[in-house]
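Below is one structure, written out as structure tokens; the observations come after it.
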């Protein structure tokens, strides 16, 4: 009905556009700039501290967010353009999953610092399990976006929405499992103080490491709240009441993820683990060494390298 519309006017009501409102130009320019700045910061920190996998996760996340907000900026000038609508919704739906991956990468390191023997699961498996789940979530969200972008009828568009929704729900389930395992490990640490890795006592007691742990908790909460919001938003289908309001989006999507990305810019894992992370090699159990799952921990790097059967695979 409004296929010929390009701007909101008397004959082209906002209700007929993809979001039922033209996105606020100033707000979206600010968020695009903030995520662009975060991209530069994380690239610099990752290169300087050699946290390559964490750098990859956060660089991909910030890049996706920048593209999403550019889509909203362009959507402001033509809120009836379906392609611009899909660019912003797909990119901003997928972006935080990359930040979740960065959070998951930290858990194995935390476990080793406290003591591998305390954990129910070997450190390497935390990374494998949660990164795999994150990839599944990303595949669903990206696949749903692809279906929606190629839709020629409402039913196909709805199918794409449902696939993206499934990806978000899977992401929430993964986050809940992550929280459960973190809490279970914390309880085991509390119950077994005698099993803590004495080699890293000073690291555990340092302000930088404690700050990093608080940052990790804050990042988890921010991403989780955002994911719940997006599930509720998408569950109502296109043009539901929540999707038609920009203020909740700015607070629960833009605000939450902006804070999350800068929390780890301040309390970067590279700063938390550097100086002693290379000594983690000595904390690896003999069973893992015999199986060839964990080999080298370089003193200058925060990266733990897992190499099954001597084939390199960086986590």
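Glycine too: its Cβ is placed from the backbone N, Cα and C atoms.
According to TrEMBL, the feature transmembrane segment maps to 25-44 (among others).
As annotated by TrEMBL, transmembrane segment applies to 56-75 (among others). Outside the transmembrane segment (56-75) by six or more residues, the chain places 18-19, 22-23, 25, 28-29, 31-32, 35-36, 38-39, 42-43, 46, 81, 84-85, 87-92, 94-99, 101-102, 105, 257, 261, 264 with a CB less than 8 A from a CB of the stretch.
Listed by sequence, the residues of this chain that lie at least six past the ends of the transmembrane segment (87-112) yet keep a Cβ under 8 A from its Cβ atoms are 23, 53-54, 57-58, 60-62, 64-65, 67-72, 74-75, 118-119, 123-124, 126-127, 130-131, 134, 137-138, 141-142, 144-145, 148-149, 164, 167-168, 171, 174-175, 178, 181-182, 185, 197, 213, 216, 219-220, 223, 226-227, 230, 234, 253, 257, 260-261, 264, 269, 273, 277, 280, 283-284, 302, 304, 315. Per TrEMBL, transmembrane segment is recorded for 87-112 (among others).
For 124-143 (among others), the entry in TrEMBL reads transmembrane segment.
If you look up TrEMBL, you'll see 163-187 (among others) marked as transmembrane segment.
According to TrEMBL, the feature transmembrane segment maps to 208-229 (among others).
Taken from TrEMBL, the feature transmembrane segment applies to 249-267 (among others).
Of the recorded ranges 124-143, 163-187, 249-267, the transmembrane segment (25-44) has the largest number of C-beta contacts under 8 angstroms with 249-267. 163-187 is the stretch from 163-187, 208-229, 249-267 with the greatest number of Cβ pairs below 8 Å to the transmembrane segment (124-143).
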